[in-house]
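J.: Sequence annotations record features per position, and here Swiss-Prot assigns substrate binding site to Asp154, 191-192, Glu236, 253-258, Asp264, 292-295, Asp306, Tyr308, Ser368 based on a large-scale study or a structure entry. The annotation Ca(2+) 2 binding site is assigned in Swiss-Prot to Asp174, Asp179, Asp181 on the grounds of experimental evidence. Positions annotated as compositional bias 'Low complexity' by Swiss-Prot: 676-687. Per Swiss-Prot, compositional bias 'Acidic residues' is recorded for 767-780. Look at Swiss-Prot and you will find 739-794 tagged as topological domain 'Cytoplasmic', backed by a curator's inference.
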Amino acid sequence: MELRPWLLWVVAATGTLVLLAADAQGQKVFTNTWAVRIPGGPAVANSVARKHGFLNLGQIFGDYYHFWHRGVTKRSLSPHRPRHSRLQREPQVQWLEQQVAKRRTKRDVYQEPTDPKFPQQWYLSGVTQRDLNVKAAWAQGYTGHGIVVSILDDGIEKNHPDLAGNYDPGASFDVNDQDPDPQPRYTQMNDNRHGTRCAGEVAAVANNGVCGVGVAYNARIGGVRMLDGEVTDAVEARSLGLNPNHIHIYSASWGPEDDGKTVDGPARLAEEAFFRGVSQGRGGLGSIFVWASGNGGREHDSCNCDGYTNSIYTLSISSATQFGNVPWYSEACSSTLATTYSSGNQNEKQIVTTDLRQKCTESHTGTSASAPLAAGIIALTLEANKNLTWRDMQHLVVQTSKPAHLNANDWATNGVGRKVSHSYGYGLLDAGAMVALAQNWTTVAPQRKCIIDILTEPKDIGKRLEVRKTVTACLGEPNHITRLEHAQARLTLSYNRRGDLAIHLVSPMGTRSTLLAARPHDYSADGFNDWAFMTTHSWDEDPSGEWVLEIENTSEANNYGTLTKFTLVLYGTAPEGLPVPPESSGCKTLTSSQACVVCEEGFSLHQKSCVQHCPPGFAPQVLDTHYSTENDVETIRASVCAPCHASCATCQGPALTDCLSCPSHASLDPVEQTCSRQSQSSRESPPQQQPPRLPPEVEAGQRLRAGLLPSHLPEVVAGLSCAFIVLVFVTVFLVLQLRSGFSFRGVKVYTMDRGLISYKGLPPEAWQEECPSDSEEDEGRGERTAFIKDQSAL
């Protein structure tokens, strides 16, 4: 019995070698698809296909259709005559042919770019393998062709000689000035050069004798001018939602202040733009948002306090120096997914790219330079497989990133054997590995979301608090998860000095994520209000079992606070089973890559599969959807599972007012069908028993005291405080006047009729601030009169 797997492996390997040898010798290799001519329209073709166990992949043109059969070997040296004969005997079939695999090669001849600065782009062409392996992707023929990237920043110099050839006006807009032109505003200090620099990293034109090359040098590049003015929630949302069925990738190298004390993230509109982007962008495959993790390392900042990099919808990218070290500006956190190269110390090279005023620079720096490099690599990967979803891309990053050559003292092995670091995520992006894996990638199962309320009552944090909870990851429910992607700890807590807190989350498989490290500059007493700390470190782990939350006071001070809410939110996928046969999946029309685009009646499209019931968090809706053919993008109307509004748990539609149920932290308004978040102050107290009635005279006394104390005590205290301050001021004033020889006779302290304050009884030299005193007595008098002037001004 032990030999059977080996025998199967040997047989499979032998068959593969035979096919390869036959292909090399020019023999025909038959596939499991047929081209069939059937007059009468798609309905007749579908009927014939179903009758004989075929699936109609769609109309080729005219009366010609593309049939597929799952029971036929995908590649064979001989045709499948029984299936062919039965189909041929069908009277509606006028012609058919089993399709033969043909050898086709791209006519690109790969040569290294000839641009003058290319040899200095060490991160693309490293001689010691310390690079992003981009040339391996280029050698496979992928240069970003057909992919559109937009830089959300301070504009893009669209007429730059190294950008103009790839500039895409459809991926550009000026949100600051409300016009289509993203040209940056020029200043003497070149303040608005950031976006142009980022754009060159992605798609600088190759072999034009100018500067260097972009990672995806045949991609289309655009820019959104949105940072050169007031940045509001509306500005961010408009930028994130620009032309989502044209733009594939959005690259952003900005965020809240990296000062080590700010906790901030996207507001309502921007959060909605993210959600709409991943659920509706790219025809439902999801927009890809690439984000720089932050430059607050010197301030001991944490990128988990940045709600943009901490979002499950963004692909957060950190930096490594030329020699593979953690840069001084880098922030460590558990939401970072991967790393690219950037600047480091003075003896390490920086990034070469386009610069403002049609120039070139060799000194682009920070995580601002890392995110565009990642966007370029993702563009190469999308060219290899345009059907990748936004979550597919994150899976590819996790599976192909390389920890090698990166130095850090916190590398750990998670529960599925992958190395992961808070400084680097899963390691350096590998462009060659990503495009190779993407070509035959199978779309991940639909995302599931499991919400678990952990706390039943508030808990005192003290010096150290540990909360343990064993969970089943929604076992027995439609949203049961067995393979984890993102995990969030949504915390509400109070603390007198937030920066002294360190928070960790330990998964059932033992992976310990640092959700928050101590931030010495954060003196805030605001705590956290339903803040979602996110970790990617347990990717692909089984989330069932005991989770442990650790909250620790890292200082010696006797700090105090209370944890009032802890919700564990798990995102992942269902158990992997056998693939559903396409004939019984409810799919009506597939693309050439066998991705479903139209479902039969009674089914809705969800993540390229047809389902009779949309999963929790989605509702059926008829929408215009887009899918890519070989040469174009087609628009069709189809029933799809549209995501609920971000505030709803379940819904009957995508609008804010379509909620059917709410998350645990919100309540449903049955009239407006909206979910409103509950605050601590708005929650009703439990009913209490009525106290026994007191005698009338006692009750009257209590009413008298209650009427005086609760309602008037603040006013009384405020009045007494003001009177005391005035008394102290008058006393000090009089004492100083007496010490100065002040006389009360004939004093006129001030006049207000001309808006002036004139002092009497003071020597004239007291007002001559520029004149030096002739004696210590005059100096003392000058100090005192200065004090009086200050107090009078008050």
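Cβ coordinates come from backbone N, Cα and C, glycine included.
I'd like to know what surrounds each of these features in this structure.
T.: DSSP assigns Gly255 (substrate binding site) to coil in the three-state reduction, placing it in neither a helix nor a strand. Within 10 Å of the C-beta atom of Gly255 (substrate binding site) sit 23 other C-beta atoms, taking all shown protein chains into account.
All protein chains shown were included, and the count of other CB atoms within 10 Å of the CB of Asp174 (Ca(2+) 2 binding site) stands at 20.
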J.: Across all protein chains in the structure, which of the binding-site residues Asp179, Asp258 has the highest Cβ count within 10 Å?
T.: Asp258
J.: Taking only the binding-site residues Asp174, Asp179, Asp181, which one has a CA atom nearest to the CA atom of Asp306 (substrate binding site)?
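T.: Closest by Cα: Asp174.
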J.: Given the recorded Ca(2+) 2 site (Asp174, Asp179, Asp181), which additional residues of the same chain have their Cβ within 8 Å of the Cβ centre, ordered by sequence?
T.: Phe173, Asp177, Gln178, Pro180, Pro182, Gln183, Arg225
J.: List the same-chain residues at least 6 positions away in sequence whose Cβ sits under 8 Å from the Cβ of Ser293 (substrate binding site), in sequence order, or say none.
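T.: Those within reach of Ser293 (substrate binding site), by Cβ under 8 Å and sequence separation of 6 or more, are Cys303, Asp306, Thr309, Ser316, Ile317, Ser318, Ser319, Ser330, Glu331, Cys333, Ser335, Thr336, Thr367, Ser370.
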J.: Using C-alpha atoms, which one of the binding-site residues Asp174, Asp179, Asp181 comes nearest to Asp154 (substrate binding site)?
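T.: So, spelling it out, the nearest of the binding-site residues is Asp174.
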J.: Which number gives the other C-beta atoms within 10 angstroms of the C-beta of Glu236 (substrate binding site), all protein chains shown included?
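T.: A count of 24.
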J.: Rank the binding-site residues Asp154, Asp181, Asp306 by the number of other Cβ atoms within 10 Å of each Cβ, and give the residue at the low end.
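T.: Across Asp154, Asp181, Asp306, these binding-site residues, the one with fewest Cβ atoms within 10 Å is Asp181.
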